[in-house]
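**Q** Sharing a structure, written as structure tokens. Questions coming.
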Amino acid sequence: MSAEIEEATNAVNNLSINDSEQQPRAPTHKTVIDPEDTIFIGNVAHECTEDDLKQLFVEEFGDEVSVEIPIKEHTDGHIPASKHALVKFPTKIDFDNIKENYDTKVVKDREIHIKRARTPGQMQRGGFRGRGGFRGRGGFRGGFRGGYRGGFRGRGNFRGRGGARGGFNGQKREKIPLDQMERSKDTLYINNVPFKATKEEVAEFFGTDADSISLPMRKMRDQHTGRIFTSDSANRGMAFVTFSGENVDIEAKAEEFKGKVFGDRELTVDVAVIRPENDEEEIEQETGSEEKQE
């Protein structure tokens, strides 16, 4: 096991449930988010202003509509492909009607994406659910079924491409080469994600929205009680990013983001692999096994 992997693994295992860094991050939005009167807008053009978005809704909902486009400093020199916004209406809304009428409207030469707003509590608990399961080169499994199985075989020893998997009674099943597995047409597998990155930050970096991000959170152990719990703030260093639209060139997306620096880490990017439907679930070690973070 390399020194880098051992160091990263030990740092995670030594965290206590009482560590201040594990406390959930305070919301960065000024808008009080209530899904009954607030919507989330993704894929907002950099040139778009709060007033530009407000004018889109004023005719139907009146001048009391308020818009917030959070401003964030990017110290790594990377400028995200788009911004996001929160729109708050003066009364309760019919979300489906708003989505039908305003989703994919073009503002400043860019389609906006209307999504349901989620409270900070919902964002902490919620996970992306989609169709099919994806496996990345580092052995991530089942991320888009709402259940996460960390595909590691032991501390610091994660499976790489097409690694053989254990079957029942210790019998190994024949491995399936990665290049023979079906690739996703709209999803990227991202490795070496900063441990403290949130779904919203990942979404902003890739120019999409939080609902299109699968960001597995770490399993950790309370040093005092021995209890295993899911971290509120530390992810497992990997993510899956899905891009919406009918004409997504996922190979081009992979090339666009390959080698980009997010936070202080250079990302490893690949097109996600779709896990076969008959691929059996495995019970893997939930602790002491983390992705390499150099």
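Glycine residues also receive a Cβ, built from the backbone N, Cα and C atoms like all the rest.
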**Q** Consult Swiss-Prot and report the residue, out of Arg129, Arg161, annotated as omega-N-methylarginine.
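**A** Out of Arg129, Arg161, Swiss-Prot attaches the omega-N-methylarginine annotation to Arg161.
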**Q** So one of Arg131, Arg165 should carry the feature omega-N-methylarginine according to Swiss-Prot; which one?
**A** Arg165
**Q** What residue among Ser66, Ser233 has an entry for phosphoserine in Swiss-Prot?
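**A** Residue annotated phosphoserine in Swiss-Prot: Ser66.
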**Q** According to Swiss-Prot, one residue among Arg159, Arg227 carries the annotation dimethylated arginine; which one is it?
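**A** Candidates were Arg159, Arg227; Swiss-Prot attaches dimethylated arginine to Arg159.
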**Q** Going by Swiss-Prot alone, which of Arg155, Arg183, Arg221 is annotated as dimethylated arginine?
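**A** Record says Arg155.
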**Q** Looking at Arg116, Arg145, Arg173, which is the one Swiss-Prot tags with omega-N-methylarginine?
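**A** In Swiss-Prot, Arg145 carries the omega-N-methylarginine label; others show none in the record.
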**Q** For the candidates Thr9, Thr49, Thr225, I need the one that Swiss-Prot annotates as phosphothreonine.
**A** Thr49
**Q** Mind checking how the domain 'RRM 2' (186-274) divides into helix, strand and coil residues in DSSP?
**A** 19 helix, 37 strand, 33 coil
